[in-house]
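Novice: The structure under discussion is supplied below as structure tokens; questions concerning it will follow.
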Amino acid sequence: MPITETDTTVVLTHPENQKSTVTILKYGATVYSWKLDGKEQLWLSSAAKLDGSKPVRGGIPLVFPVFGKCTDSVNHPELSQLPQHGLARNSTWEFLGQTTESPLTVQFGLYPEIANSELTKIWNYDFELILSVELGVDYLKTAIEVTNPLKATRELSFNWLFHTYLHVEDVEDTMVANLAGSNTYDQLLQESYTEVQPVIGFHEELDRIYRNVNPERVIQVVDKGHPLHSVKRSNLPDAVVWNPWIEKSKGMGDFEPKDGYLKMVCVEPGHVHDFVTLKPGAKWEAFQLLYKDELNYQAL
Ligand SMILES: O=P(O)(O)OC[C@H]1O[C@H](O)[C@H](O)[C@@H](O)[C@@H]1O
């Protein structure tokens, strides 16, 4: 069965390889497992809540309409009252069914009528989100369409980000490549600079927003010279790279095991350096493609 639906999940099984699957939790439309030929590609905390009580710690949580916390309470009073990363990851989406057989693709929808009502009271904008999840035999593509409905009376301003937790063997042997030359905001140092390192290594907490990264850049997660993951982006100019390391992992109740930071790196494609703004009737589309590639070092 290429598609299996339960009350809380949808599982896609690739018709050419039963060991390639993707599992989506309807809560947050959160992909929390992607197995390629039986090998898990994403990291999921063993304490992740999958019961809808809080956003999933791992997999691919969806960030909308705000990345982080919006501090601009003057120009965006409602956005600034939303919790970190907004309401998409803590709302239950509607499973809209299969769109194509090959490639195997399903869709999920979210709109104010079904979104987290505590949060739509705070941020009561019109919106329509359609998430497409496409399982290839050796790739996973997640695409988003954001529409400001024609009936809307206001412009819709938002961030979007795929908060992707990638599994690695040992983060201390892992590098993230092809971000050199990017304008960077370091969230820990709270300062901006141009990334001059050809690759990014991990030996402490790291939390950086790489802004307006050349769309031709394939972001690669490399383990001792072997590319574990390759990430392509469409219409997602920014990429957040995050590893919580020891202390931050200790501080997150749903982050287990506590040394799990050694087995993950977040590469988060998004549009977060400013807000996308849509007039009523307008639509915005973007996707991330997670796939396997040879080492593809793209210098400055
Ligand atoms: O704990 P969460 O709300 O899921 O946020 C987890 C992380 O998300 C992003 O990576 C941010 O850059 C980090 O600053 C934040 O700690």
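A Cβ is built for glycine as well, from the same backbone N, Cα and C atoms used for every other residue.
When I checked TrEMBL for this same protein, it listed these features:
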- Arg57, Gln84, Arg89: substrate binding site (BINDING)
- His163: active site (ACT_SITE)
- Glu268: active site (ACT_SITE)
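Provide an account of the burial state, proximal residues and distances for the features listed.
Specialist: Around Arg89 (substrate binding site), the same-chain residues at least 6 positions away in sequence with a Cβ under 8 Å from its Cβ are Gly28, Thr30, Pro55, Val56, Pro61, Leu62, Val63, His163.
Within 10 Å of the C-beta atom of His163 (active site) sit 23 other C-beta atoms, taking all shown protein chains into account.
Cβ neighbours of Glu268 (active site) (same chain, under 8 Å, six or more residues apart in sequence): Val63, Leu161, Phe162, His163, Thr164, Ala239, Val240, Val241, Trp242.
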Novice: Near the substrate site, what residues other than Arg57, Gln84, Arg89 in the same chain have a C-beta no further than 8 Å from the centroid of the listed C-beta atoms?
Specialist: Lys54, Pro55, Val56, Pro61, Val63, His85, Asn90, His163
Novice: Do any of the binding-site residues Arg57, Gln84, Arg89 touch ligand 1, in the sense that the CB is under 6 Å from one of its atoms?
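Specialist: Near ligand 1, sequence order: Gln84.
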Novice: Can you give me the same-chain residues 6 or more apart in sequence from Gln84 (substrate binding site) with a CB-CB distance under 8 Å?
Specialist: Gly68, Lys69
Novice: My understanding is the cutoff is Cβ-Cβ under 8 Å with a sequence separation of 6 or more in the same chain; which residues meet that for Arg57 (substrate binding site)?
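Specialist: In sequence order, the residues whose Cβ lies under 8 Å from that of Arg57 (substrate binding site) (at least 6 apart) are Leu44, Ser45, Ala47, Ala48, Lys49, Met252, Asp254, Phe255.
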